[in-house]
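The next block holds one structure in the form of structure tokens; read it before the comments.
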There are 2 protein chains.
Amino acid sequence: MTQPSVGTVQSKSFTFAHPPTPMVLDSGVELGPVSLAYETYGTLNAERSNAVLVCHALTGDAHVAGYHAGDDKPGWWEHYVGPGKPIDTDRYFVVCSNVIGSCMGSCGPSSINPATGRYWGLDFPLVTIPDMVRAQRELLRHLGIDHLLAVTGGSLGGMQTLQWAAAYPEMMDGILALATTSRHSPQAIAFNEVARQSIMSDPNWKNGDYYDGVRPDLGLAVARMIGHITYLSDESMHVKFGRELRKGSFAFNFEGDFQVESYLHHQGKKFVERFDANAFLYVTKAADYFDLDLANPDSPARRALAATPARFQLVSFTSDWLYPTYQSRQVVDVLKALGKDVSFCEITAPWGHDAFLLPDERLETVVRGFLGGLHGC
Amino acid sequence: MTQPSVGTVQSKSFTFAHPPTPMVLDSGVELGPVSLAYETYGTLNAERSNAVLVCHALTGDAHVAGYHAGDDKPGWWEHYVGPGKPIDTDRYFVVCSNVIGSCMGSCGPSSINPATGRYWGLDFPLVTIPDMVRAQRELLRHLGIDHLLAVTGGSLGGMQTLQWAAAYPEMMDGILALATTSRHSPQAIAFNEVARQSIMSDPNWKNGDYYDGVRPDLGLAVARMIGHITYLSDESMHVKFGRELRKGSFAFNFEGDFQVESYLHHQGKKFVERFDANAFLYVTKAADYFDLDLANPDSPARRALAATPARFQLVSFTSDWLYPTYQSRQVVDVLKALGKDVSFCEITAPWGHDAFLLPDERLETVVRGFLGGLHGC
């Protein structure tokens, strides 16, 4: 018996902001046309009240669940999205789109600039999380959705989720933000910047203009390895790898003695096959810019949160040191001070930041319960 | 009034293991002659009982205190070593040598292979912390020191300190190990490996054979930036940098918006002026190999610790996440189980791993008190 799944799915594309009415980005730069890759699962009900928007993490994509034809690997949140699953596609109409600035089907530095017929490269304007969310709003309009049951996502997806509440406070019943923050910390910025420096130090990067030649794979691989350390935890590395050696004894060379080194090499290698170096610069920069400024009583985000009727559920993980529990609590504290309906759950798990992507009965229960509560079932 | 200082000092050099009696390294490879850069401060007393060996950290050097002629920057532990200071050069004879495999005066990949007249590069054999300590033992023999009042150091210097007790358990009265571990964790290995990959991905690295050409500065700078994140803490980064911008508003480019980014760039740039990329590979690898295997009752290190008459003092710092407190506690627990005279102090400080290098009255008190107790004053 196979696991229930949404089955075979296909990504679609939506283009908007055609000239002469481009999208005006936070930077002030005009961008248009803007293309989004997206997927949907389940059926929008007649009342159009059952749409759940899922926002993906840093290097994720619109392919949340099910299988692309010919693939044996499902979408990145297969365990949570599907028939009978916590985000139940028998009940909810699920939408996810690839963020702008990325390279998984939406427009970004690795797509073609229609004005020149050439790859954008660094001529693509920098985008922010508010820009990403505004683009998603256009997609929903296209899909005939003016109200969301919920917005959810983890990590960069959680930031988008919080940004949704700040930008469109009247539009959703619930906000379910996982393993995230309202303000990218200096340590998180530092990790992103070192990863970017690794890419930009690769001579094949050529100031972003490498699409017709050799790609900066070595720099991008190191960037990914840095990221992977922050996605795991000291504890999970002890459990997964310890000090286990690849070959039983020290090799006394620089080829990598330890299992943890092989793991990182493998992650680096796999990543360059699927992700674009420039896009990595763009999405990390968007994360670094993110700051809802919630401690400031006059910040637009805080005033928007004060006005939203949405319920909130935040989830953090004990061993997540990239977006530690205290950062979720800061959001929860503000929401409480604003008199919002907010629940918070810190899940004890050794797996670090990655935990929100992994099967976990407690997280399943929280997600299912929160959506069910909004949906009245 | 100037601060008390050992004043103007000079590094010296000592060479041993001349062929045909080379040093046999842990790898089985023979190395000789072996050169060490070292400094001494204070006077060895007539009983030769007041020598304190200081071991330096990863990219440190023999220049612990005082000033080299023409320099306005003192040694790396000036605050702790000098007349009237916690490691009081009016009382103690202080010795420090640069570790083998490094590039600060001792032999390593950037020195000349006497057999070929050319730079060693990767032909230099890999060394371990036990190898480093054996070389220090030869230096002490040369200085006429057969007994140490104490061995001390932080980080990689703390590992050497613990290794001293394991290798020469009869030779010292005290072991003072700061911000360190008896076993390099998989997370610490992971950070080192990503830093090494950054160097080895730089096309100027040329498999370590770059001394006659352009150096892999970009790769080495990124490696150093990675290290610097691990030397600070989430908390200290909030205090030092927060989300402060260099220019008041987002630049919407990749030149570095945040102060924390400037700090990292600066650290990377400074580092390539003083340290060799190959040497960085060697010293990080020595750290990764380090494992006293203390949990194993039959390990040679544990048996040596059982036999030593030395007193122990370990110090950790609350915000040090590179060698967290639990790793010091593991050593303390073993020492207690062995019935040793051991004290442990966890200092509350936000500065991360770097804390052991910074002025701190509590650390000063611990260091002064521990040495004074050994010295009977």
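Just so you know, glycine gets a Cβ as well, placed from its N, Cα and C.
Just so you know, TrEMBL annotations are computer predictions that nobody has curated.
As annotated by TrEMBL, domain 'AB hydrolase-1' applies to A:50-357.
Under the heading active site, nucleophile, TrEMBL lists A:S155. Around the Cβ of A:S155 (active site, nucleophile), the number of neighbouring Cβ atoms within 10 Å comes to 26.
The feature substrate binding site is assigned by TrEMBL to A:R224, A:D354. The secondary structure of A:D354 (substrate binding site), as reduced to three states from DSSP, is helical. A:D354 (substrate binding site) counts 22 other C-beta atoms within 10 Å of its own C-beta, drawing on all protein chains shown.
Sequence annotations record features per position, and here TrEMBL assigns active site to A:D320 (among others). Around the Cβ of A:D320 (active site), 29 further Cβ atoms fall within 10 Å across all displayed protein chains. Under the three-state DSSP scheme, A:D320 (active site) falls in the coil class.
Cβ neighbours of A:H353 (active site) (same chain, under 8 Å, six or more residues apart in sequence): A:S155, A:A179, A:T230, A:Y231, A:L232, A:S233, A:F317, A:D320, A:W321, A:L322, A:Y323. TrEMBL lists A:H353 (among others) with the feature active site.
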A:R224 (substrate binding site) CB neighbourhood, other CB atoms within 10 A: 23
